[in-house]
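Feature list (source: Swiss-Prot):
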type     : residues      : note
ZN_FING  : 4-60          : zinc finger
BINDING  : 9, 12, 33, 36 : Zn(2+) 1 binding site
ZN_FING  : 78-101        : zinc finger
REGION   : 141-194       : region 'Disordered'
COMPBIAS : 175-192       : compositional bias 'Low complexity'
REGION   : 242-289       : region 'Disordered'
COMPBIAS : 260-279       : compositional bias 'Low complexity'
């Protein structure tokens with residue numbers, strides 16, 4: 001393995017990088033590549049004073065050590081997470097912690113669990129000495145006859161340390177006692193078994209990450225699917241309401257049209273066939289002619305023969321009276337027009353200086369009237 005699979009640098013964000021990997025033993029899940037570590041990359045939570053554990057890939061270890069085999073008694077490079085000193089083996093690291101940092105309760109990450117294949121790279125504990133005693137104590141008499149361990153991690157010289165360390169407040173840790181592998185178990189594994197453990201652990205971690213991401217996607221897509229269903233239901237209801245309103249408007253319009261134009265009722269109804277059309281056109285005149293007298297017939301009261309004869313005589317008298325009245329009015333108009341013509345002619349004749357000849361009886365009457373008027377007049381008064 002020439003890459004750190006599944007690991008990314010928190011400074012340059014390079015994933016699956018090559019070369020040395022430096023893991024912070026104070027910050028949770030914080031890794032740096034060799035270039036960022038040497039350049040002194042820092043963040044708000046990570047400083048250059050934090051102790052780091054150097055982790056090598058298989059290819060880099062073979063390149064540096066040439067495939068040499070180291071026994072259990074020979075030194076291995078682990079870093080103390082409290083003081084930052086390097087070059088400890090599992091046994092020497094435990095002795096150093098119990099003697100120097102027995103009363104320290106700062107939460108740190110176990111460098112052995114982070115460096116060993118198959119271990120928890122982010123195992124946080126606030127009792128590091130007890131963790132080493134329970135998980136990484138290796139009795140020497142239980143080792144295999146070969147007594148050989150293929151060291152994969154190395155100590156990086158030139159690592160400085162200085163200044164106090166602040167206690168971390170936002171730290172996630174597990175109190176499980178099975179987080180790491182014991183030295184007896186790890187020492188019994190051959191190099192081939194250790195090499196086979198790395199891809200299995202990586203596959204398990206990848207599968208767990210895929211399951212979590214899939215679960216998050218399902219949870220996030222659940223509400224969206226329900227919201228889409230609700231929107232579809234609302235759209236269907238709105239469409240149904242709009243169709244019902246349109247139907248009501250159409251029926252109201254048809255009713256008003258039928259009331260305003262009753263003759264268009266037959267035109268608005270579609271004809272079923274041509275034969276029925278011809279039959280309706282033939283029967284329409286008769287129906288209209290008979291419908292004219294329908295109301296009159298219904299309104300006529302039932303009368304006897306004598307009543308009918310009396311009614312007919314009254315109607316005849318009324319008609320005669322109306323005829324005579326019309327004739328008399330016409331005759332009066334003609335006579336009045338002739339009298340007016342005669343008067344006009346007499347006025348014209350008098351204007352010409354002619355005297356009209358009066359009849360004899362008219363002249364006598366006018367004379368008698370004059371005599372009577374002269375006889376009855378009083379005598380004129382004396383002068």
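One is the number of the first residue shown, and numbering goes on along the chain from there.
Just so you know, glycine gets a Cβ as well, placed from its N, Cα and C.
Among the binding-site residues 12, 33, 36, the residue whose Cβ has the fewest other Cβ atoms within 10 Å is 12. As a summary of secondary structure, the zinc finger (4-60) carries 8 helix, 13 strand, 36 coil according to DSSP.
This prediction places the mean pLDDT of the zinc finger (4-60) at 89. One way to see the shell of the Zn(2+) 1 site is to take the Cβ centroid of 9, 12, 33, 36; the remaining same-chain residues with a Cβ within 8 Å of it are 10, 11, 13, 14, 17, 32, 34, 35, 37, 41. Neighbours of residue 9 (Zn(2+) 1 binding site), defined as other CB atoms within 10 A of its CB across all chains, total 21.
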